[in-house]
Structures are given as C-alpha cells and as structure tokens.
Amino acid sequence: MRIEALNTAPDATEARFEEQIRPQKMGDFAGQKKLIDNLKVFITAARKRGEALDHVLLSGPPGLGKTTLAHIIAAEMGGSIKITSGPLIDKAGNLAGLLTSMKKGDILFIDEIHRLAPAVEEYLYSAMEDYRIDILLDSGPASRAVQLKLEPFTLVGATTRAGLLTSPLRARFGINSRLDYYNPELLQSIIIRAAGILNIGIDEDAAMEIARRSRGTPRIANRLLRRARDFAQVAGDASISLAVARRTLESLEIDEGGLDDMDKKILEAIVRKFNGGPVGLASLAVSVGEEQDTIEEVYEPYLIQMGYLSRTPRGRVATRLAMSRFAHPGISSQGSLFDTAEDG
C-alpha cells in the first residue's frame, strides 16, 4: 500500500484546514526568525513611506509556509491578495487581466513561479519594474500597442526550485528570502496550536513524537496530527497520547527518522540496484515507479538534508549513512565499481 502521509502537496481538504489554522500576523508565524524579522522591517518602512513593498521571492521546499507568508504580507500591508500559479498563467493576456485589476498596495501571489511560460515572464518585467504593461490592440497591419499604467503592487513569487528562475526575473525581486526546515521543538508548538484549533487534546510528548517524524515540515506535521486525531477518536480517547501517536505513525509506516515507504525505495534502489550510485534521475524514477519531478521536488530535499543522499554532476549517490543502513550484508559501502552516468 502506498502511503501519502508525507507527501508535501496539499489536497483540497488540507487546503481548507490550512486556511483555518493559518496565522494572520507576522508575530503569530512560528519559526523562520531571521526572515520574519527582516520582513517586519521592510513592511514597516514601506508603510511609513506610503509605498508598495518591494517584490518578494520566497524559496524553499514545499509545505514550509510560503503561501501563509504571502497572506500575512497582504494583511500587514493592508491590501488584498490575488492568488495564482505559474502553470495557470499560460498567456500574457491572462496576466494582463490580473495586473489591471490590482489596486495600490495589493499583493499578487504566484506559486510555482519558476513554471511561468517565457512569454508570460517577459511580459511581467515591465509590470514589476515600471508598473506598466503594453497591450496589443487588433491584429495584422492595423495592430497597435497601448501602454497601460498599473497601480503600485507587490508581486510575491514562491518557488521550490529557485535555480530554475531566469536571471532577469530573479533580479527584479528586491527581497529574496529562503525558508528552511523546522526543528522538532518549533513543530511541536505548531502541532499543539493546531490541536487546540481542532478541539482535541494532545500530550506534549505525543506532539514531539509527531514533530520528530514530520520531515521538518509544518504541512506534514498538521497532516499527521489529523490522522492521530482519527486514531484517538476511533479508540474512544479524549486526547492524543504518546501511545496513540506512535500507533498512528507505525500504521502509516513512518519510521523514527521521518522516512516513508517511497523514501526507503529510493535509497534501497540507489544502494542495492545501482551499488551506491551515481545514478541518473531518469533511471532512478523508472526503478522506483515515481515521476522524476516528484522525486526531485518532494523526496530528495529531505534525504539530502538528513545526509542520506548527494547530488553530483554524474547523478545521485548514496552517502555512507545510507549505505550502512540499506546495503545488503556483504555489499561494500565504498560506492560503485562502475559509475552510472547522469541521465536526468
């Protein structure tokens, strides 16, 4: 059975839950202290000058709070927020419709901004830099360009793959911030707060047990909390105890390091099938039956963070930690005799 408890992509139910528990002010946002402190300064200064906040780029693994921060920025600036994503804006005309509806101080949040089409991205340059866009009227020989002025707005872009952003787009963001994984103590406080909103009690040690297995990601921590609530309620328990938390995590096949079934498949494939690597992404994806993008964006960041995996120019390589844990007895942990070339 494939377990999806550690997938960092939100489903519709989860999106509604995140809306319910989302912090409304900078002071309520847990973690990312340096980033938050800097944003407070930038927002306060922009408000004192009566100006729109500089455009903000938020990067980092999924599920760490980029969308939440965009909402908080809009609230702190006293503007409205319009939400879209890179793949949804497939034509410059779609972007023009969004931009012309913005009022002074509004926030345009583009998730997965690295997936903007090149033509749409170029159309965004003048909007970000000069608050203007050029619209082409009619077609053929009678066509003419009309320049439209825009109200000063703030673009907040979110990306899990900052390296895919073009230099011209990246250069137009005045504020560039990266979100990092959370430590267990911060996740514990997030879990306890969310449990209060869900009207279910949770023991501190139970919250810490869930936190330790949440891959440093609030979205996963909140998802595991909801599953633990299910186990507690079915068992007739009024609150989530340590025993309930452990039973939940064991049932979801999440080990003490936060690794799930697919994490283990990836590491076992590299260690056992490819003798530790290097192995190309395409070969690895076929081996474990998962999409390349999912491996690269969802699974690899945490495996690298935890010291199980390295990316090299020739492919993915298992570290000594991974070799010692996942190698069959008798297999060397020194790496491959024959290197596998990178193919993705």
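Including glycine, each Cβ sits where the backbone N, Cα and C put it.
Annotation source Swiss-Prot lists ATP binding site at ILE21, ARG22, GLY63, LYS66, THR67, THR68, GLU129, ASP130, TYR131, ARG172, TYR182, ARG219, citing sequence analysis.
The Mg(2+) binding site annotation in Swiss-Prot covers THR67. In sequence order, GLU18, ILE83, PHE109, ASP111, ALA158 constitute the residues six or more apart from THR67 (ATP binding site) in its chain with CB-CB distances below 8 Å. In this structure, THR67 (ATP binding site) is part of a helix by DSSP.
Positions annotated as DNA binding site by Swiss-Prot, on the basis of sequence analysis: ARG311, ARG316. The Cβ of ARG311 (DNA binding site) has GLU300, ILE304, VAL317 as same-chain neighbours under 8 Å, each 6 or more residues away in sequence.
The feature region 'Large ATPase domain (RuvB-L)' is assigned by Swiss-Prot to 1-182.
Annotated region 'Small ATPAse domain (RuvB-S)' per Swiss-Prot: 183-253, in sequence order.
DSSP assignment over the region 'Head domain (RuvB-H)' (256-344) gives 42 helix, 9 strand, 38 coil. According to Swiss-Prot, the feature region 'Head domain (RuvB-H)' maps to 256-344, an assignment based on sequence analysis.
If you take the Cα of TYR182 (ATP binding site) and the Cα of ARG316 (DNA binding site), they are about 25 angstrom apart, rounded to a whole number. Rounded to a whole number, the C-alpha distance linking GLY63 (ATP binding site) with ARG316 (DNA binding site) is 24 angstrom. Between the alpha carbons (Cα) of GLU129 (ATP binding site) and ARG316 (DNA binding site) lies a span of roughly 39 Å. In this model, the region 'Small ATPAse domain (RuvB-S)' (183-253) carries an average pLDDT of 92.
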